[in-house]
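Enquirer: Before we start, here is the structure in question, set down as structure tokens.
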Amino acid sequence: MAKQAIKRAKILAVKNNNKIGVLLINLGTPDEPSVPAVRRYLRQFLSDPKVIDVPSLVRWIIVHLCILPFRPKRSAKLYQKIWMPEGSPLLVYSEMLRERVGETLGDDFCVALGMRYGKPSIETALKKLQEAQCRQLIVLPLFPQYSTSTTASALEGVRAKNSFKEMTVIDRFFEEPHYIDSMTTLIHENLNEFQPDYFLFSYHGLPERHLVKSGCQLAICNRKNNCSPISSSNENCYRAQCFETSRLIAKKLNLTDQQYGVAFQSRLGRAKWIEPYTDKYLIELSKKGIKKLMVVCPSFPVDCLETLEEIGIRAQSQWQRLGGETLKLIPSLNAHPQWVNAIAKMAKKSLQLF
């Protein structure tokens with residue numbers, strides 16, 4: 001069925017000289033690691049009501065009076081530690097991914113990259129696909145686990161600028177076999193040179209209230225424990241999706257429950273965020289005598305500040321202070337060949353939805 005749908009789509013595209021557009025969306029990055037550039041980026045990012053979901057006046061006060069006067073200077077210094085000669089790692093690797101996915105999909109497709117915040121914008125990416133005479137649009141936010149502050153916000157940005165009449169969306173892929181296999185292969189490649197005592201899957205955190213707003217009917221569960229397997233009661237719960245991704249990867253790696261754990265990083269502000277917190281989890285692991293730790297960040301398909309600096313530098317330093325021997329950060333999928341093929345397969349599979 002899938003092969004027939006793909007064949008029909010290809011024939012239609014060639015017959016009408018129209019391509020199928022694929023829009024890859026990532027979060028975004030400052031233009032440069034300077035205070036003004038970081039301030040512009042943070043202003044746009046944090047002004048999104050899906051990111052800081054409080055009344056507009058309260059959000060304005062938080063952003064303009066509590067964050068922007070102080071955070072840009074600190075964040076700029078962090079970006080400077082990871083900035084590449086070619087530019088922001090997130091942008092460099094995302095562009096590399098876009099190019100290779102385009103090469104893999106072939107001439108019947110046109111692949112564009114849009115950032116929810118910063119450049120290239122979603123609007124710019126959509127214009128490129130329109131100029132390429134694409135008639136159908138496949139939207140793939142590069143966020144494996146669905147959340148309102150990432151996926152829903154990105155899709156809102158698309159709908160605000162979209163003129164395509166035929167559009168399909170891949171709004172999550174946390175349990176997609178091609179994604180899980182790509183993650184497993186990446187980890188296996190790094191196991192050839194490092195054998196850890198323990199695996200830690202570290203995901204981007206969210207305020208707990210976001211889980212309730214997502215419709216999770218298990219909001220009363222003790223969030224310090226593992227989430228239940230995905231069901232109709234928690235299928236939109238970001239935390240549950242993270243645990244499901246971890247379970248699937250661990251199963252592929254033949255790990256027992258005692259060999260891996262799940263934690264959440266990058267919390268901001270004083271609100272209650274989903275637990276356990278990555279930095280505190282490291283403390284608990286050190287108390288258990290763990291010395292060699294492998295950290296995997298499945299919610300970040302592309303390396304960025306949160307992986308390279310927060311884990312690769314800060315968590316590494318914390319681990320050494322705690323008496324750990326080695327903290328090995330697994331690179332993000334970036335433009336790994338298997339991941340490129342996985343995206344191409346997901347895009348082709350989505351053609352059945354037109």
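Using the three backbone atoms N, Cα and C, a Cβ is placed for every residue, glycine included.
Annotations per Swiss-Prot:
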{"type": "BINDING", "residues": "His204, Glu306", "note": "Fe cation binding site"}
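Just tell me what is around each of these and how deep it sits.
Expert: Counting every protein chain shown, the number of other Cβ atoms lying within 10 Å of the Cβ of His204 (Fe cation binding site) is 26.
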Enquirer: With an 8 Å cut-off on Cβ-Cβ distance and a minimum sequence separation of at least 6, pull the same-chain contacts of Glu306 (Fe cation binding site), or say none.
Expert: His204, Gln265, Ser266, Cys297, Phe300
